[in-house]
Amino acid sequence: MQPWLAIVLCGFIVAASNNTSDGDANITSESNDATTTANLFNQTAAELTGVTFNGPGDLQALISALGLNSSIVLACLVAFAILRLRFPLVYSNRQDDDGVPSTSATSCGKFIDWVKLSIYTTDEEAIRIAGLDSTLLRSFCTLGASILGAIAIPMCIIVVPLNAAFGEANLQEDPLRMLEMATIRQNHPWLYYLHAAVVWLVCFTVHFFIDQALKKFLKFRMKWMEAVPIPQSTTVLVEAVPADWRSDGKLKMFFQKVFSSDDVVAAHLVKHEHDLAKLLAKRDSLLQLQRKAQQVFEKTQKVDTFRQCPCGKRVETLPYCEEQLQGMDENIQQLRHSHAEERLRDPMARSSASGFVTFSNRRFADMAQSLRISSDQNHWKVSAAPEASDIRWGDLRRSSEFSTALKTVGYLFVLGLYVGFMPIVIFITNVVELVDLGPMQPLWAGFAPTLGLTLFLALLTTVLVLIFQTFFCLKANAYAQHKLQWWYFTFQLIFVVLVTTIGRSLVSQFQAVLESPTSVFDILANSLPKATHFYMTYLILQWTKKALEILRYMNLSKFLFFKTFCTSKEAKEKAEPEDQASQGLGARNVNLAVSFVLGLLFSSVAPLLSIFAMLDLILGRLIYGYLVIHAETRKPDLGGEFWVSQVHFAELALGLYCILMIGVLSQMSESYAWMIAAPSLLLVVWSAWHHRKTYQWRQLPFEELVTLNEDPKEAADVIGECYIQPELADTTQVTCVV
């Protein structure tokens, strides 16, 4: 969801709820400000994020949320089906790398065809169209829904009735309590032993499903690696090259000594071409501006103008671009030529510490990644080359010292977001509550208290991506999404899943756990089961969030805007892709992982919550099964990195589940039930170790490499296709030949 839309929706919802419950309140703004400010600093993290504990009236609130969000989801799906027929370029026009239309582009004439495409598109076809990472996004929905279904459905059918029959639920106070473990009276003679056995069953179930999913993933991963095209499959990225080897000739000679002269095709160190890169970027922006002005004139017969600076006068675009472009190509060629002559005099001139080495066969590229070249692990870092079109050349030009310094600053900024979450939210809320809107003050009074939290959460992914792209050496843009996946999941885990355990300070709670690690059992058991009804509503709200994504409202708006002065095809290109901060692979995987974590974590405490999480994942499978495969543009593919991280998150969720249940059993019963459940943590650790040891997925095993049939002609053609930075694309004799 776009930040501005999230803010508006949240504001109206909060304002409406406040007006309904407190419609006749006419309190002066001065007294409100003083009271609110005092209360804010005394609020816990759960109170700041709006988490409420279980209580009377939760059933009615849950039914209302279920009805409202189900209606919104249905309306969004119907609207999408209509829009898909009306604007096929935005919702259906998808081609694979060979330019072959996908199934969605040739079968968009029926109202609900998209449902069939989402469900019945095979994994093989999805990988061909959208890549392995996008296909595995929908596969995680299937895996998560299968695990939760295998656990929650038997729990609802067997365990919940037993809890209700032998528990002591007060249906008048809280009817939902009958469906939860909280209905069991303390020190029940045998029900807690049943739940201890259930913990083991849950652990075995999750291990089995993940094990089967990893076997399937490994097959897809091997096929994906075999299909990586030349020269990417035969090229390695070498970072932290020592100063004595920083020339194309010496780098090539080094690897020729390790292998042979025939095995190494070319070597190219990334060059410090800042002036040339700046000039090329200026030319590209001018050409784009010129093209837009021509399209505006052709469509509307109006002369396009623009401002050179925000306060400057408007000038005609076409004459300005023609004047600026005049002689620019000659300047670029002269600059390239002078730099080439400089490198002929000094082969190490302008060379950075990173480069690419291309081999004649992928076997040698894989062997190079396994070499231990230096005793100093900070030198000669060899890894697989990313997609050439996705490389961040500016990051590779940085020195290792400068990259380390920037990365340190980046980590400080990220940690600052975590530690400063509550102070930042309180500060924003205090500032906005000083605003007096006069007649609109009652509406603003309902909106302002949550504005700090809403702004923070809406902009979090954007800020994280900006930090990663600015301070981290990512090598390729896709790695920013992978970093976002890990850090954003950590934030969601702390401030969504475990928010009730934090109290008023994340740092103080962390210190308490370090001083007494066993206290984590009591912390989780004392807080999490009390907020199960809130998390049910939270999961239902996720349905609406996913349903809004399928509308692609921002892409549609941009498409309609650009279509006024561009062709439909050009408008489609300009309208893509969707916002990668909030709707990229990183954020989407995290949102799905959080739903799964909540469903698994509360599967014994509140099985109905797991059912809602399962439905959320099923809806995600339906929506993303169509969206990422048949509508959105293809993203750079890391070949399963996101999937493996999702599996790690699932294993972490299983560990948290065991800790929670051990704590609940030890608090609710003086029996030995918790001792029966406690060894399940060992099973979780063994399961994670087993998956990492058994499924080696990063590189093709040599038994696969030696049987891999490579086209000799294709391998020979790689000589002229080295990884060359765009600034030097016309000077291949410099980059591929010493």
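Even glycines carry a Cβ here, placed using N, Cα and C.
TrEMBL labels come from automatic prediction, so no person has curated them.
As annotated by TrEMBL, signal peptide applies to 1-17.
Feature annotation from TrEMBL assigns domain 'CSC1/OSCA1-like N-terminal transmembrane' to 61-210.
Under the heading transmembrane segment, TrEMBL lists 61-85 (among others).
Residues or ranges marked as transmembrane segment by TrEMBL: 140-166 (among others).
Feature annotation from TrEMBL assigns transmembrane segment to 190-210 (among others).
Annotation source TrEMBL lists domain 'CSC1/OSCA1-like cytosolic' at 234-393.
Among the features that TrEMBL reports, transmembrane segment is placed at 408-431 (among others).
Feature annotation from TrEMBL assigns domain 'CSC1/OSCA1-like 7TM region' to 443-664.
What TrEMBL lists as transmembrane segment is 451-474 (among others).
The transmembrane segment annotation in TrEMBL covers 486-507 (among others).
Long-range contacts of the transmembrane segment (592-619) within the same chain: residues 73, 137, 140-142, 144-145, 147-149, 151-153, 155-156, 159-160, 176, 179-182, 195, 198-199, 202, 206, 489, 492-493, 496-497, 528-529, 532, 535-536, 538-540, 542-543, 546-547, 646, 649-650, 652-654, 656-657, 660-661, 664, each at least 6 residues beyond the stretch ends and with a Cβ under 8 Å from a Cβ of the stretch. For 592-619 (among others), the entry in TrEMBL reads transmembrane segment.
Annotation comment: TrEMBL describes 640-665 (among others) as transmembrane segment.
According to TrEMBL, the transmembrane segment annotation covers 671-689 (among others).
Mean model confidence for the domain 'CSC1/OSCA1-like 7TM region' (443-664) is a pLDDT of 88.
Cβ atoms under 8 Å from those of the transmembrane segment (640-665) belong to residues 132-133, 136-137, 139-140, 143-144, 147, 181, 192, 195-196, 199, 202-203, 206, 210, 213-214, 217, 220-221, 224, 481-482, 485-486, 489, 493, 497, 520-526, 528-529, 585-586, 589, 592-593, 596-597, 600-601, 603-605, 673-674, 677-678, 680-681, 684-685, 687-688, 691, 697 of the same chain, restricted to positions at least 6 beyond its ends.
Here the transmembrane segment (190-210) has long-range neighbours at 143, 146-147, 150-151, 155, 159, 162-163, 166-167, 181, 184, 600, 603-604, 647, 650-651, 654, 657-658, 661-662, 665, 668-669, 671, 673-674, 676-677, 680, 683-684, 687, 691, meaning same-chain residues at least 6 beyond its ends whose C-beta is under 8 angstroms from one of its own. Listed by sequence, the residues of this chain that lie at least six past the ends of the transmembrane segment (140-166) yet keep a Cβ under 8 A from its Cβ atoms are 178-181, 183-184, 188, 191, 194-195, 198, 202, 205-206, 209-210, 213, 589, 592-593, 595-596, 599-600, 603-604, 607-608, 610-611, 613-614, 617-618, 620-621, 624-625, 643, 646, 650.
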